[in-house]
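Novice: Pulled the feature table from TrEMBL, pasting it below:
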type     : residues : note
ACT_SITE : D123     : active site, charge relay system
ACT_SITE : H190     : active site, charge relay system
ACT_SITE : S521     : active site, charge relay system
DOMAIN   : 1-86     : domain 'Inhibitor I9'
DOMAIN   : 114-556  : domain 'Peptidase S8/S53'
DOMAIN   : 359-435  : domain 'PA'
DOMAIN   : 634-730  : domain 'Subtilisin-like protease fibronectin type-III'
Amino acid sequence: SYVVYLGRQSYASEPSATDLDRVTDAHHELLGSCMKSKEKAKQAIFYSYTRYINGFAAVLEDEEAAEISKHPEVVSVSRNRISQLHTTNSWGFLGLERNGEIPADSMWLKARFGEDVIIGTLDTGVWPESESFNDEGMGPVPSKWKGYCDPNDGIKCNRKLIGARYFSKGHEAAETHDSSYHTARDYDGHGTHTLSTAGGRFVSGANLLGSAYGTAKGGSPNSRVASYKVCWSGCSDADVLAGYEAAIHDGVDILSVSLGSGPREYFTHGNAIGAFLAMENGILVVASAGNDGPDPGMVGNVAPWILTVACSTISREFTSNVILGNNKQYKGLSFNTNTQPAGKFYSLINSVDAKAANVSSNQAKYCSIGSLDHLKVKGKIVYCTRNEDPDVEKSLVVAQAGGVGVILANQLIIRQIRPRAHFVPTSVVSADDGFSILTYVYSTKSPVAYISGATEVGTVAAPVMADFSSPGPNFITPEILKPDITAPGVNILAAFTGASGPTDVPGDRRRVHFNFISGTSMACPHVSGIAGLLKTIHPDWSPAAIKSAIMTTATTISNVRQPIANASLLEANPLNYGAGHIWPSRAMDPGLVYDLTTKDYVNFLCSIGYNSTQLSLFIGKPYICQPHNNDLLDFNYPSITVPNLSSNKTTLSRTVKNVGTPSLYRVNIRAPGGISVKVEPRSLKFDKMNEEKMFKVTLEAKKGFKSNDYVFGEITWSDGKHHVRSPVVVKKMAVAA
């Protein structure tokens, strides 16, 4: 299956059903001219995009796809590629609450908890019975809303969950798909988790088997939410584009998109195309950076009109400590279910010494399925070694063999440990601690231990970059720093798919179901929720202004990264975290913003090589690339990146808009190593709201500077109250002798 993209629709007013049918027929005619049969074209096309996107998705032979790509009305023809999903005290960690109380200066109060802003997700659907989507005390649905809920599979909406739709034709064309699951209901859990993180209501008593007990809530608890199910076993471009069309038409304000693929050229990327049209309609698209770190250049969703989110930790951990019979204690991680009675010791055995008959010692070492002898394991804690098999599987193996606990030891010093929910009390410990525990086992006649778990807040340094978060540089356009921003995304507790299915009694569905998930998928809806609050406070701000406010008020992240295999990547820098870690209270009053319009984005596309014909089709009206549009470094982005300082000196410009009171701003410069930075003028005086001022930045390599690596600095404009910070990222290319 292929997506044939013809650019943007251009209607003088709201299109009628006749207008939409006319576009569909034009698609049949266009494809029919290549296939020599309009009827065959009708059978091949499974989506016609008729409202905002002009194009269609169809099942084509490769030769037919090549033929239609030559047509002058066609912008691009791309395979219907499959993207993947990028998988409660986080709001307290972000300063919206303190110790369970909402302080007087909380952004929540200023924004009325995101009242009536509409947040949509493109994801795996929604579990509508979750208490996170209850509508108690909410007023009528906003009058601008045009969406609806598809009732298949018992889906019911209310004044909180105001939209639930599904799009599966692209997935069906790309893969075998069970048509009996034509439903907006979330059977995966990912979509429910992201939607409730962005806009879920306050739900007391949320926990996972006792861990992180407290009140769950989303970033914009009083928002309205809508779910667009575009992901099945994957997320096809054809379905993603259909989801964008629906969301734009229905009237969402913020779109949270926790899915993506590797770096892709803009006109062949469903997310990039859909997000551009959303931006044109005043909708900010927030998307996840991807979970392919730590390898450099893996960041996805890199279009500059998308707010791309990386993932960091929060100051909470789930300890599961091992206490040995010699009273020595070793810190491990797991969820709170992994607790045994304090002071009650159990016999401790190495799994190799408990191997079943006819099983190798290596299989028993890793507690592989069927590798343990029931008689040797029953009633004991078993020491196992981690490998590529799931940790949870090992705890199941021990449980099935009659064991009462597991100690899982790392083999590699640098392998990251993340808590999981296990079948028996479990502690995952470091390689060094594992060696110490094993030494105790073999130096003691009757080794014993017990496992004690807890949820601890404020005991670990945070935020710290997660090792899986996909870093830059931006492979498609290195001059645009990606990711843009970082937010919490490790072990986030939020609503999840209910344990009961659609055939169970409705009462079962209303049980509170929560789960922990980690990933940039979870970081993304945190930023979406904050963007919803900003939209409530500043309803007239453009998507670019909201994005700028979030980026320029962020705080830098400590020079620490979770343990990873490549030691050279241990340093956290803007290629990993973008502008920094989101700081909501500052974002609501940024002072200055770097604003952008549709024309600016089209000029950007011109500057990277798209021609006038392509761009005219893309925006649905005539456009001519001008020579002055070709300076990519002058694109008014909130960050500054020069990836190829091939000469010793370059000058670029930026323009800031005052969104606060009249004030005088002065610049503070922290230059990248080996680079001198000059800003002119050194001060900017604003006399009124929305006044704009331009400044120039000159970057020059110092004499003798020979590094081929990126170096980092920042420029900050401040009036004493506001601090408008932009990262400066420079790479000087070596000149061949």
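Even glycines carry a Cβ here, placed using N, Cα and C.
Remember, TrEMBL labels are computer predictions, not curated facts.
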Novice: Measuring Cα to Cα, how far is H190 (active site, charge relay system) from D123 (active site, charge relay system) in Å?
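Specialist: A Cα-Cα distance of 7 Å.
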Novice: On the 0 to 100 scale, where does the mean pLDDT of the domain 'Peptidase S8/S53' (114-556) fall?
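Specialist: The average pLDDT of the model in the domain 'Peptidase S8/S53' (114-556) works out to 85.
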Novice: Measure from the CA atom of S521 (active site, charge relay system) to the CA atom of D123 (active site, charge relay system) and give the result in Å, rounded to a whole number.
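Specialist: For D123 (active site, charge relay system) versus S521 (active site, charge relay system), the Cα atoms are 10 Å apart.
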Novice: On a simple 10 Å Cβ count over all chains shown, which one of the active-site residues D123, H190, S521 is most densely packed?
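Specialist: Per the Cβ count, the most surrounded site is S521.
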